[in-house]
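Student: Let me begin by handing over the structure; questions about it come next.
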Amino acid sequence: MKLLAATVLLLTVCSLEGALVRRQAEEPSVESLVSQYFQTVTDYGKDLMEKVKSPELQAQAKAYFEKSKEQLTPLVKKAGTDLVNFLSYFVELRTQPATQ
């Protein structure tokens, strides 16, 4: 019976000491987390700059912009024409009552 009580007491003390050690363990500070975050972002930025310098990526970007320009130019011209027509309609409405 004494052996059982001593075993339970020993296990309880060991588990409490383990919990105490875990609580006393040093948590990473906010400053170190922020510093680590900025270091990671900086590393990604450097990697990205190296990838952008490649001629293949530059050629792909140029082709994409040229294709976009070809597709958007007619739409912009049509939107400009529609806007001019819309505004001229209101100008005509405004001048008609004055002439009558």
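A Cβ is built for glycine as well, from the same backbone N, Cα and C atoms used for every other residue.
These came from Swiss-Prot, pasted as-is:
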{"type": "SIGNAL", "residues": "1-18", "note": "signal peptide"}
{"type": "MOD_RES", "residues": "Met49", "note": "methionine sulfoxide"}
{"type": "MOD_RES", "residues": "Ser54", "note": "phosphoserine"}
{"type": "MOD_RES", "residues": "Ser68", "note": "phosphoserine"}
Student: Could you state the whole-number distance in Å separating the C-alpha atoms of the residue listed as 'methionine sulfoxide' and Ser68 (phosphoserine)?
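Tutor: Cα-Cα, rounded: 24 Å.
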Student: Just counting, how many other CB atoms are there within 10 A of the CB of Met49 (methionine sulfoxide)?
Tutor: 9
Student: Roughly how many Å lie between the Cα atoms of Ser68 (phosphoserine) and Ser54 (phosphoserine), rounded to a whole value?
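Tutor: Answer for this pair: 22 Å between alpha carbons.
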Student: May I ask you to report the DSSP-based helix, strand or coil state of the residue listed as 'methionine sulfoxide'?
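Tutor: Note: the residue listed as 'methionine sulfoxide' is helical by DSSP.
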Student: Tell me whether Ser68 (phosphoserine) sits in a helix, a strand or coil according to DSSP.
Tutor: helix
